Amino acid sequence: MPDGASPILEVQGLQTVFRTRGGDIHAVNSVDFHLQPGELLGVVGESGSGKSVTMMSLIGLLPSPPAEVRAGTVRFGGDDLLRMPARQLRDIRGARIGFVFQDPMTSLNPVFPVGFQIMEPLRKHMGLDRAAARRRAQELLELVGIPDAARRLGDFPHQFSGGMRQRVMIAMALACDPEVLIADEPTTALDVTIQAQILVLMKDLRERLGMAVIWITHDLGVIAGIADRVMVMYGGQVVEQAPVKALFARPQHPYTRALLQTVPHVTGARADRLKVIEGQPPVLSGPPRACPFRARCPHAFETCARANPARVAVGPDHDAACFWDVDRGAPRHV
Amino acid sequence: MFTYTIRRLLIAIPTLLVISLIIFLVVTLAPSDPTANLPLSIPSEVRAQMREALGLNEPILVRYLLWLRQFFLYEPLHMLDQAFGLSLAGEDMQRILSWQTRSPVADLIVQRLPQTLWVVGTSYVVGVLIALPIGIVSAYRQYSWFDQIGTFVSMVGFSVPTFFTGVLLIVIFSVHLGWFPSIYDTTLRVTDLSTFWLQIKQMIMPVAVLALYNAAQISRFMRASMLDNLNQDYVRTARAKGMTERVVVLLHVLRNSMIPVVTVIALGVPTVFGGAIITEQVFKVNGIGQLLIIAIQGGDVPTVQTLTFIFAVLIVLFNLIADVLYGLLDPRIRYD
Ligand SMILES: Nc1ncnc2c1ncn2[C@@H]1O[C@H](COP(=O)(O)OP(=O)(O)O)[C@@H](O)[C@H]1O
Ligand SMILES: [Mg+2]
């Protein structure tokens, strides 16, 4: 990774609240992170930890109401995406920032041919005419490994399998050569063999196209093979952030350690049963005043109930939000 | 799709035969006497002769078969003769005659169809045209004041019967303000601008009453269908591609939402031909609906049978059209 280069995306103090009838839900709480050009940042966390909401807040994709981005800045190419007129933001979405969603079965419009759907951003953002957009759409389908691309442009989504639809989604997200690709659990809805194919495809595309990628998943196994750096989220906060090797070698947050223990090992002695993290994720009805993980944490002590730990450096480019120092087995001095 | 349509058309034949038999039996077996309205001075032997002349003494099945032959063979031939000045129909090919007027039922229908098509047809078109945008905006701005007012108005339009809204309009605009006539004048011929204006004026109230009623239903349907689709994942995808709200709503969402709505609109078309029976009565529009009411009151069996059966044909036909449209609009549906 080109160290020291200025980040392409820099998020600070992001806070998103859903105003529902049952009260406010603080889904994202003071999230800070950055993304270097060409880097692949993995984002992990149980479902409900705020991964999707964070990423959708960045580019204004959350329905409002009920969502409300209350605070924060999102620096992208010198502008703040959160304070940008809707029109200008639309010119960035799908052009400079591409999005791939979780469920390829429902994320494509069922009544339009896939060719049309891929051509839409090409025509809007790149101003291509119909013929040029069509040629480019065909190239894109070939790029993502869909055989017989020219003919398949006219096919409707239901004529593709799940894996092929996700390839179409990827082609669509990559249509305008984005600088950043955000992939929100792009393989979760797919069969294991198809997941592997999509992973290989993404690795290959990243090498060829060189865009930065944010890869959301709840599967640490996937992250290990693909990410440069990992960000762990819990209760709408970033609880640990580290280069991928450091995270797997020296996880510092008890939540990360618990997550790592849930990853089944293919090699080695087979565990009697899969480990799970005991307890429930926190209810996010107010801004966090204490550590959100304390109820499930084996190391929790009285400080954890009094304050919400800030992220502190625990190694080179490695930080964790925890009062407990796992290396020393004692509270951390801050 | 083509073979599917052909197959559905073939299936429609036995369906319609069964319907025709049921209609025939229900209307024929109803305890009404076509001579009952005649003066009491007519002796009963004469009445009996009249009944015999009307063919009422034949067995029911024979009468049904004769009626079928008249309906499907004689009438079409006569209609062709009239339309193109041919002489396909023989002298002995008796037409279906109205017992009340002794004129062919088909002629009565042809006389009355234009009024119904003008008034009820226009109201349907107007209803659809106002319902669609209202439904779209109500869904897109769910719970806004526009949506709340729309919900209220369509609830009113839905639940207040047309004979009430009709009379209300007459009281306000004909009686008090004197803007529009309360009676529809069929003899009016549109020849120039001023007669055209008169035609518009006499159409406004019945059209408004029926359009309100149609729009209330269809706009609710449109709204529900839009709401279903606005929450779909593909809408988020379209936004993530940077499409404008206009494209997202009026292309991606609307195209999907129209699938069930078009079906409902198609299924509603037969009611246009059925005429809005009550509204035609209120505004004295002598259309198909009024013809049916008069025929029922006069025990005019051939007219009632013919009209009812034509409605049945239209309903079967537009069901088929709705299904075909569904298949055309939704690429996921394949009929084969
Ligand atoms: N439309 C919504 N309305 C209310 N709450 C929501 C909505 N979408 C997400 N949330 C809440 O935000 C939190 C984070 O969700 P999300 O970001 O989707 O989690 P994940 O990490 O699985 O992607 C969840 O607790 C969820 O309850
Ligand atoms: Mg998610």
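Placement of Cβ uses the backbone N, Cα and C atoms for every residue, glycine included.
What TrEMBL annotates here:
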TRANSMEM  B:9-30  transmembrane segment
DOMAIN    B:113-322  domain 'ABC transmembrane type-1'
TRANSMEM  B:117-140  transmembrane segment
TRANSMEM  B:152-176  transmembrane segment
TRANSMEM  B:196-216  transmembrane segment
TRANSMEM  B:258-278  transmembrane segment
TRANSMEM  B:309-329  transmembrane segment
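Comparing B:9-30, B:117-140, B:196-216, B:258-278, B:309-329 for CB pairs under 8 angstroms to the transmembrane segment (B:152-176), the maximum falls on B:196-216. Contact between the transmembrane segment (B:9-30) and the transmembrane segment (B:309-329) is supported by 3 or more Cβ pairs under 8 Å, counting only residues 6 or more apart in sequence. Long-range contacts of the transmembrane segment (B:309-329) within the same chain: residues 1, 4-5, 8-9, 12, 15-16, 19-20, 23, 71, 109, 258-259, 262-263, 266-267, 269-270, 273-274, 335, each at least 6 residues beyond the stretch ends and with a Cβ under 8 Å from a Cβ of the stretch. Sequence-distant contacts of the transmembrane segment (B:196-216), counting only residues of its own chain at least 6 positions beyond either end whose CB sits under 8 Å from a CB of the stretch, comprise 118-120, 122-124, 126-128, 130-131, 134, 153-158, 162, 165-166, 169-170, 173-174, 179-185, 188, 190, 268, 276, 279-280, 282-283, 285.
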